Amino acid sequence: MKTTIILILLTHWVYSQNPTSGNNTATLCLGHHAVANGTLVKTITDDQIEVTNATELVQSISIGKICNNSYRVLDGRNCTLIDAMLGDPHCDVFQYENWDLFIERSSASSNCYPYDIPDYASLRSIVASSGTLEFTAEGFTWTGVTQNGRSGACKRGSADSFFSRLNWLTKSGNSYPTLNVTMPNNNNFDKLYIWGIHHPSSNNEQTKLYIQESGRVTVSTKRSQQTIIPNIGSRPWVRGQSGRISIYWTIVKPGDILIINSNGNLVAPRGYFKLRTGKSSVMRSDAPIDTCVSECITPNGSIPNDKPFQNVNKVTYGKCPKYIRQNTLKLATGMRNVPEKQIRGIFGAIAGFIENGWEGMVDGWYGFRYQNSEGTGQAGDLKSTQAAIDQINGKLNRVIERTNEKFHQIEKEFSEVEGRIQDLEKYVEDTKIDLWSYNAELLVALENQHTIDLTDAEMNKLFEKTRRQLRENAEDMGGGCFKIYHKCDNACIGSIRNGTYDHYIYRDEALNNRFQIKGVELKSGYKDWILWISFAISCFLICVVLLGFIMWACQKGNIRCNICI
C-alpha cells in the first residue's frame, strides 16, 4: 500500500510541473496579417495563389462617352474627314478647323459628285495627322478652258455647285487646249495638293465636255510623276450621276515645283493644304461627346488610363493602356494569405506565422501576440510593415510606365485591290496583340512572385531579428513562437518589439528558470513509461490484495470453494 501511494504521488507531482503555469515565463509569437477571403493571383510557380489584396490591371469597360478634355475633339457629325477636306457643300462648317481627334460618325456620307480615292487610307491619315484643314488659295492660270464646273449632284443651297477646294475644267467653246501649269514651293513647309480626273459615263459626254475623245492628266514634281487616263463608261447611278471623279494627291517639298499637264478631264487644285507634323488623328465612333476629362479615347468611349492594360478596343488615341486579349490580370499588392484557423484555447490563439495568419490586425502587416503575467496582447511591427509596403508601392506605376502607349493606334483601311496587304497587316496586328498578351501575363506573374517572396522575406527577417535579441533567454517553440524563460511584462515585450531588449539584464534569471524547469520537466516519453509502470504495479498489488483476502476468508470458513472434476 505504501508503494501504491508513493507511485500515485509521483505521478501527480510529474503532471503538476507545468513550466508555463507560473509567472516566471512568457510566450511570444510572431505573425502576419490575414483576411477571411483573399484574392487569387497567378505567379511563375502557381496558377492560383491566395493573397490578402490585389489590384485589377485590365480596364474592361469604357465610360460610354468621349471626353473633350484633355484633347480637342472635333465631331464630324454627317461629314467624313475627306469630304470636309474636299469642300463638300454640307461640310463647309469645317473649313479651317483644327483638332487633335476628328470623330467620324457611321451616319456620315458624301453629298456631292460621286468620287473615289485610290489611296484613300493614306490621304486620310496624312490629313488627320496634320490636325488642320488650313487652306491657301493660289493663282493658277488656266488659259483656254472654262473653270468652276458645276453639277446637279452637288447642291450648295438650291444652286448647282462643286467641291470648293477643286476646280473642274471643261472646254471653252469648241476647244480644250493642252494645259501646262507650274507652281513652285518657295515656302519652308510641305504643301499638299488635291487634284483629280473625271471619268465620263459615255464617249458622247467625253467629247461634249472636253472635245478630245480621250484626255490625259500628268502631275509631276522633282521626286514623282503620275499620269492618269480617264476610264470612260457607265457606272451605277449615284445622285443622278453615272460618271465618277478619281481624287489624287501630291506633296510638294520646299524648293520643289508642281507641274500639271493635261489635254482634258482635269479637276484642278485651287491651292494647297499646309502640312503639319503632329499626333492628331481620326477615329470612327458613334459614342457621344461630353464635357469630361480623359487621356485615352477609344471608339467605345473614353477610358481611364490608371491601369496598364485594356481590352476595350484595339483602336485608341492618347495616353492609353496597352490592348491585350485577357479580361483580367491581378497584381498582388498584399502578402500570401493564410486564413486564421479555429482557436484552440489560449495557446492556439497565439499560434505563429508558420501555422496560419492573423485576422483582425489593424496596426500593421506583421506583429506580435504574447501571453505573460499581465495577460495577453497583440501589437503590430511598423518597421517591417513599412519595409514591405515601400517595396510594393510603385509596382503599379512601374507597370503602367512600361506599357502605356504615348501615341495613337489608328485604324487601318485598305481597298479591295490591297486585300493581301490587309491580310498581312491583320496578321501583324494580331501577332503583336498575342505577343503583348503573353508578355503582360508573364510580367504580372513575375511581379506577383516577387511580391510574395519579399513579404515572406520580411516575416523571416522579423523572426530572425527577434531570435537574435532573445538569444539563450528564450527557446524556439516552433510555429513562429518563443518561450521566454524569465518574467517579461508588457514593458519587456515592448522592448523586444522596438529592438531595445537587453538580454544581459534577464540572462541570470532566464538561466536559473531554465535549469529549474528542465530539472523537473520530463519528456512525454518518460511520462508514458511512468504511467505504464505505475498502472502495472497498481494492478499487481490489487490482485495480490484480492488473492490474500480470498485465502484469509477460506481459512476462516467464510468462503468455501468446491472444485468438481
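Residue 1 is the first one shown; counting continues down the chain.
Each residue, glycine too, has its Cβ placed from N, Cα and C.
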* CYS292 - recorded disulfide partner, Swiss-Prot, among CYS67, CYS79, CYS91, CYS539 -> CYS67
* To do: Measure from the CA atom of ASN53 (N-linked glycosylation site) to the CA atom of ASN300 (N-linked glycosylation site) and give the result in Å, rounded to a whole number.
  => 30
* Asked: Going by C-alpha distance, which of the recorded positions ASN37, ASN68, ASN78, ASN180, CYS554 is nearest to ASN498 (N-linked glycosylation site)?
  -> ASN37
* To do: Output the one of ASN37, ASN78 that, of all these glycosylation sites, has the highest number of other Cβ atoms within 10 Å of its Cβ.
  => ASN78
* Determine, to the nearest whole angstrom, how far the Cα atom of ASN78 (N-linked glycosylation site) is from the Cα atom of CYS554 (S-palmitoyl cysteine). => 126
* Nearest of the recorded positions (ASN37, ASN68, ASN180, CYS554) to ASN53 (N-linked glycosylation site) - Cα to Cα -> ASN37
* Between ASN180 (N-linked glycosylation site) and CYS554 (S-palmitoyl cysteine), the C-alpha gap once rounded to whole angstrom -> 154
* Asked: For CYS554 (S-palmitoyl cysteine), what is the secondary structure state per DSSP, taken as helix, strand or coil?
  -> helix
